[in-house]
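Annotation comment: TrEMBL describes 6-213 as domain 'NnrU'. The feature transmembrane segment is assigned by TrEMBL to 6-21, 33-50, 70-87, 108-126, 132-152, 192-210.
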Amino acid sequence: MTWFFISIVAFLAGHILPGMFRRQLVAALGTSLYLFAFSAISIGLLVWVIGAELNADYIALWPYDPRSHWVPLVAMLPVCWLWVAAVRQPCPLSIGRAKGYDPDHPGINRFTRHPLLLGVVIWGSAHLFPNGHLAAAIFFGGSALFGVLGMARMEKMRLRQLGAAEFDRLSAGTRRFYLPGLFKGALDWRDILGGLILYGAILALHPLVLGRDPLAF
């Protein structure tokens, strides 16, 4: 478990420290290089955490119920739709691009300003059910908490960057989470199709990359 905890600390530090010195780093590196370096480091640290979790000591917290296997299988489809929408649509108040955003047609932002982070929350929460051991609880539970806290952190950062007037203009007609907004043009056919493709890819690659087949139960 030692390396798992070390990887968790490194992952958190890799997100907290750049945020503390973002202004200085952007001034020194430029926005594009800063974002590239931050993304590359974040992905590398995440890969380390996942590898450490898979190899951590098994300390059971609750018994495995085969029915719980269905929770992530079902939950991951809407997660994939959210993640595709987060990449394809503008999300000016969260992780994603701002270019092309129209406050009169907020799209996914009508349902949630934070589709990527909401997807992380659902992904982490759903994977807790069939993984009742300590390392998984820390990893998936921590990821879900990271997503929840990240929503408030992103909005605070965007408010500071944009100013109150622009933030209010962009946030008009949007919510952190508003279920009826899902049925008011939040997703279009490209999000749905892209999500289905991503879902199929995850099912196919999961046993190859992580050594665990989500359909084998």
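Cβ coordinates come from backbone N, Cα and C, glycine included.
Note: TrEMBL annotation is automatic and uncurated.
Per-stretch counts of Cβ pairs under 8 Å to the transmembrane segment (33-50) identify 6-21 as the leading one among 6-21, 70-87, 108-126, 132-152, 192-210. Mean pLDDT across the domain 'NnrU' (6-213) comes to 93 in this model.
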